[in-house]
Amino acid sequence: MSAPARVLVVDDSATMRGLISAVLNADPDITVVGQAADALEARQAIKQLDPDVVTLDIEMPNMNGLEFLDKIMRLRPMPVIMVSTLTHRGAEATIAALEIGAFDCVGKPQPGDTHPFRDLADKVKAAARSQRKSMITSNRAAAPAATAVSDSRAGRKIVAIGASTGGVEALITVLQKFPANCPPTVITQHMPHTFTKSFAERLNRLCAPTVQEATDGARLEVGRVYLAPGGERHLEVHNAAAPCCRLVDHPPVNGHRPSVDVLFDSVAELAGRNAIGVILTGMGRDGAAGLLKLRHAGARTFGQNEKTCVVYGMPRVAYELGAVETQLPLGSIGEEILKTAAARKEGIE
């Protein structure tokens with residue numbers, strides 16, 4: 001049996017430190033070894049305690065969590081889980097933190113929340129098991145300029161991508177390979193509900209295609225990428241004559257809403273062999289069954305390989321199910337999607 005994950009909790013609120021510590025200490029596989037109220041205390045605690053994982057508040061006095069995270073990643077890389085308020089400002093800072101190299105993020109409890117930090121323990125344990133990879137330097141920096149796709153072919157394909165932990169860096173890496181006239185692309189990324197709008201805005205600034213948070217009824221168009229809104233509804237595609245987004249208020253699937261499986265299932269039914277399915281880094285198994293359905297429908301399917309995953313969970317389950325046709329390093333996935341889109345000539349029936 002492995003030793004419990006050793007965690008340092010950093011937050012300027014004593015109440016929040018106590019709540020996070022109580023939630024984590026309730027798990028027998030986790031031990032909170034220390035607490036810190038600001039970056040200076042945290043720096044000393046990291047040196048003295050050498051924790052496996054740090055939970056870090058975004059907003060702190062003197063040096064904020066984003067600045068401190070940057071120092072950690074440059075000087076002493078380790079898994080860090082960001083704890084953020086569910087506000088637009090908090091979301092923007094969290095997206096920036098995930099780009100810098102934070103392992104994952106959780107939202108602070110809202111009034112009336114009966115299960116605060118319900119996913120935090122699982123994320124801490126996954127972080128402790130992971131070997132943090134600097135995808136920013138190993139993959140994103142090597143991305144070549146995007147190559148345009150034939151417009152006549154781009155509109156006949158639908159690309160569907162699913163991701164979870166590590167997905168912010170992974171999606172930036174993939175989408176920066178896409179040209180302005182990429183095939184219509186739909187994405188489900190597990191993320192708190194207030195964060196996806198900021199993430200879509202960030203992707204839109206960084207990438208050649210237009211990236212937007214999906215809205216109900218939005219028609220799928222060449223050169224556009226649609227990101228499922230977090231937390232409240234599932235993203236599907238429907239209407240073969242004029243494919244568009246549909247947001248549905250169904251119960252969580254695999255513990256997630258939106259669910260990657262729900263998206264993949266709908267794309268398999270709508271597009272079949274004219275779809276391209278991709279499963280990226282993430283915890284759990286969401287998306288594996290849906291990717292298998294895509295492959296059985298004739299779609300090409302790709303999975304991120306273990307070496308470049310922050311968490312080789314979703315891609316591993318998909319691969320073991322036989323859902324993944326080809327495993328690829330993250331830096332090659334965007335280019336392979338475009339090659340596949342250019343090669344397949346069939347239209348949606």
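The backbone N, Cα and C atoms fix where each Cβ goes, and this holds for glycine too.
Record features, source Swiss-Prot:
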ACT_SITE  Ser164  active site
ACT_SITE  His190  active site
ACT_SITE  Asp286  active site
DOMAIN    6-123  domain 'Response regulatory'
DOMAIN    152-344  domain 'CheB-type methylesterase'
MOD_RES   Asp57  4-aspartylphosphate
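Structure coloured by features recorded in Swiss-Prot.
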residue: Asp57; record: 4-aspartylphosphate; DSSP (3 states): strand
residue: Ser164; record: active site; DSSP (3 states): coil
residue: His190; record: active site; DSSP (3 states): coil
residue: Asp286; record: active site; DSSP (3 states): coil
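Within the set of recorded positions (Asp57, Asp286), the lowest number of other Cβ atoms found within 10 Å of a Cβ is recorded at Asp57. Of the candidate recorded positions, Asp57, His190, Asp286, the one lying closest to Ser164 (active site) when CA atoms are compared is His190.
Spacing of the residue listed as '4-aspartylphosphate' relative to His190 (active site) is 20 Å (Cα to Cα, whole number). Each residue contributes its Cα atom, and for His190 (active site) and Asp286 (active site) those atoms are 10 Å apart. Note: the domain 'Response regulatory' (6-123) comprises 51 helix, 26 strand, 41 coil (DSSP; helix = H, G, I, strand = E, B). Summarising the environment of Ser164 (active site), the number of other Cβ atoms within 10 Å of its Cβ, over all protein chains shown, is 26. Counting every protein chain shown, 28 other Cβ atoms lie within 10 Å of the Cβ of His190 (active site).
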